[in-house]
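Accompanying notes for the structure given below.
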Amino acid sequence: METVSLSLWNAPRAEAPVVATVALPGSKSITNRALILAALADGPSTLTGALRSRDTDLMIEALRTLGISIETVGADTTLRVTPGPLQGGAVDCGLAGTVMRFLPPVAALASGTVHFDGDEQARTRPLDTILDALRGLGADIDGASLPFTVRGAGSLRGGRVTIDASGSSQFVSGLLLSAAAFDEGVTVHHDGKTVPSMPHIDMTVEMLRESGVEVTTPATGGEADTWRVSPGVVRAVDRAIEPDLSNATAFLAAAAVTGGEVTVPLWPSRTTQPGDAIREILLAMGADVRLDGANLTVRGPQQLTGIDIDLHDVGELTPTVAALAALADGPSHLRGIAHLRGHETDRLAALAHEINSLGGNVTETEDGLTIVPAGLHGGTWRSYADHRMATAGAIVGLRVDGIRIEDVGTTAKTLPGFENLWATMLSAAAGTERKASF
């Protein structure tokens, strides 16, 4: 069997407090939702500030395969999306959960057969929840995970379906995003443990409403754990995409762990992005956090304190928080994140193993991690083809000599050029502000 060798990136250590302004590209979660809605809309839409990364480019190519025209206008972050008749084809999902969970409902509306596949690692990710739901709504689908086939009939009946979305909020969002195009719309009822990452469902609902779609939720007087999308027209909407706040967390963490100061411009005052929770997390760990107009600035303390926190709704921040906790001066307890075992990798096991391999003291619990301060040393940090694992290693590397990150290029999934952006942040002398831009 041939052995694949992955390159190692020497994570730079901060020799002084980081002082920088870091401009981040658009949100992956918003970009891919906006692309789906634009593809199903009643006319052309323009998306400004869209993220161009592996995940979003996979979504763009998948929609083009299905018959949607997507063109760049000037900068490659401005996209003109023109709907067209949906057709069959072959879709590469890569490792993008949004592609493998948001596209099958669109494929069910196509006139033709759509074959889905992705990276080898993606074939282990659970998809039976959304595929079984689509079958219950009238779709013809072979398979329960990648690879699978959707035989589109040009329309989908829709109706009511009960699912267990405790593994991922994307199962709910995936059904809701296309539901206005179903003959009967859709009613999605969740039966199971609490749905994780609820802000992502809130994001989906808000964007649907901005597109003129009628949505009933538990928060607006609907049935508990139930979301209803009425059939109707998806209005074409031009959108300006917010910066990706989850990607910003690693750069803000750089200020926190070095006692420095990092500013991220264009931070929204109101947002459904889970990444916004980093403000309260860093504050609780001793950092100074200020939102001044559209600029968010974090100033790091002399020493971070530990934290006891339920991350259930913002689980994607766990790698950043775990890295912070590994460098804090007291124990931390990260709870409510058992669902992370089904992400790009088992993030709980991966974080525990990588921190412990550097001399750390991390224990897996039933639904999270307990992290006790310990002297860390250099070593190889595996990324597991997981972009957030790679950035977590970079955070640790700011304070620990000799951290070598395996396959840092996996960050291109949501933030291509991460290494250059990270290096630019660290490039000038302490006390001299520098600006890193995507």
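Placement of Cβ uses the backbone N, Cα and C atoms for every residue, glycine included.
According to Swiss-Prot, the features are:
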type	residues	note
ACT_SITE	Glu316	active site, proton acceptor
BINDING	Lys28, Ser29, Arg33, Ser168, Ser169, Gln170, Glu316, His343	3-phosphoshikimate binding site
BINDING	Lys28, Gly97, Arg125, Gln170, Arg347, Arg388, Lys413	phosphoenolpyruvate binding site
Cα proximity to Lys28 (3-phosphoshikimate binding site), best match among binding-site residues Arg347, Arg388, Lys413: Lys413
Cα-proximity to Glu316 (active site, proton acceptor), 10 Å cut-off, over binding-site residues Ser29, Gly97, Arg125, Arg388: Arg388
Minimum Cα separation from Arg388 (phosphoenolpyruvate binding site), reported as the residue among binding-site residues Ser29, Arg33, Ser168, Ser169, Gln170 that achieves it: Ser29
Nearest recorded site to Arg33 (3-phosphoshikimate binding site) by CA-CA distance, among binding-site residues Gly97, Arg125, Arg347, Lys413: Gly97
Using Cα positions only, nearest of the binding-site residues to Ser29 (3-phosphoshikimate binding site) (Gly97, Arg125, Arg347): Gly97
Listed in sequence order, residues with CB under 8 A of Ser168 (3-phosphoshikimate binding site) and six or more positions away: Gly97, Arg101, Pro126, Thr129, Pro196, Ser197, His339, Gly342
Which same-chain residues, if any, lie at least 6 apart from Gln170 (3-phosphoshikimate binding site) yet have Cβ under 8 Å of it: Gly97, Thr98, Arg101, Phe102, Ile130, His200
Ser169 (3-phosphoshikimate binding site) to Arg125 (phosphoenolpyruvate binding site) - Cα separation in whole Å: 14
Binding-site residues compared (Arg33, Arg125) - the one with the fewest other Cβ atoms within 10 Å: Arg125
For phosphoenolpyruvate: widest Cα to Cα gap among Lys28, Gly97, Arg125, Gln170, Arg347, Arg388, Lys413 in Å: 19
Spatial neighbours, same chain, of Arg347 (phosphoenolpyruvate binding site) - Cβ under 8 Å, 6+ residues apart: Thr318, Pro319, Ile337, Leu340, Arg341, Asp386, Arg388, Met389
Most crowded position, judged by CB atoms within 10 A, among Gly97, Arg388 as binding-site residues: Arg388
